[in-house]
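Participant: Here it is: the structure, laid out below.
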Ligand SMILES: CC(C)(COP(=O)(O)OP(=O)(O)OC[C@H]1O[C@@H](n2cnc3c(N)ncnc32)[C@H](O)[C@@H]1O)[C@@H](O)C(=O)NCCC(=O)NCCS
Ligand SMILES: Nc1ncnc2c1ncn2[C@@H]1O[C@H](COP(=O)(O)OP(=O)(O)OP(=O)(O)O)[C@@H](O)[C@H]1O
């Protein structure tokens, strides 16, 4: 029996940071952001569909997706975001399911890092949900710093998702990532011990 853990949170709340910690305990992580990039590479059907919906201008001269341009459209416009989600999410879900099932054969636990686990209705993919939580001021500050975004662009992204408070209220477990990375690691270790995935 392998436990499938859904890891989620808000943008820049620390999912990748916690994913790296899972990997340090030899627990594999499938990252939805990485899969979402793979499915829109040149030659993929999803990219052709994006061009049909958003126009040729959404491509860079080398034929790859102009991600900043698409981001500037969809993070400000709910209808366009839904349009993009309807193209990308089913393919992402299919690939993640296959990867999950492959890894389940070998590992006692598998993590699916899915930023839109609740919004994208992907809960059926996982057994337990871990939400990485930070206060909104910490989230805004870390996002602006990491992505070199203005406050407005960062807020557009944050507000395009379900609030972190709401996500935390739906979780099986919440990891508080306001503190140091070491404090976050300690919380994860405790969790993995209580779920009997690692021995203390
Ligand atoms: C719009 C795109 C091209 C912008 O690319 P960019 O390189 O700037 O961002 P990146 O892909 O690294 O995403 C960063 C974060 O933005 C948030 N985010 C991405 N897409 C969405 C969305 N459709 N709705 C809400 N938040 C989103 C997530 O928290 C994600 O971790 C890209 O995010 C995309 O293709 N999004 C649609 C696919 C998707 O929903 N991905 C999320 C995981 S399935
Ligand atoms: N405990 C921490 N202390 C200080 N900085 C942190 C901590 N956790 C994460 N960070 C920093 O905050 C930023 C966001 O973290 P991370 O990339 O892990 O978030 P994420 O949830 O994976 O983001 P995204 O939704 O965009 O994929 C990064 O620059 C990271 O280095």
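Heads up, residue numbers simply count up from 1 along the chain you see.
Placement of Cβ uses the backbone N, Cα and C atoms for every residue, glycine included.
From TrEMBL, for reference:
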- 12, 13, 14, 15, 16, 17: ATP binding site (BINDING)
Participant: Using all protein chains shown, find which of the binding-site residues 13, 14, 17 scores highest when you count other CB atoms within 10 A of its CB.
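Facilitator: Sorting the candidates by Cβ neighbours within 10 Å, the top entry is 13.
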Participant: Tell me the Cβ contacts of residue 15 (ATP binding site) under 8 Å, same chain only and six or more apart in sequence, or just say none.
Facilitator: 7, 8, 9, 113, 115, 132
Participant: My understanding is the cutoff is Cβ-Cβ under 8 Å with a sequence separation of 6 or more in the same chain; which residues meet that for residue 16 (ATP binding site)?
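Facilitator: Within the chain, residue 16 (ATP binding site) has Cβ neighbours under 8 Å at 31, 113.
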Participant: Within 10 angstroms of the C-beta of residue 12 (ATP binding site), what count of other C-beta atoms is obtained when all protein chains are considered?
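Facilitator: There are 26 such Cβ atoms around residue 12 (ATP binding site).
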Participant: Note the Cβ centroid of 12, 13, 14, 15, 16, 17, the recorded ATP site, then list each other residue of that chain whose Cβ lies within 8 Å of it, in sequence.
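Facilitator: Nearby residues not in the site list: 9, 18, 132, 177.
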Participant: What does DSSP assign residue 12 (ATP binding site), in three states?
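Facilitator: Coil, per DSSP.
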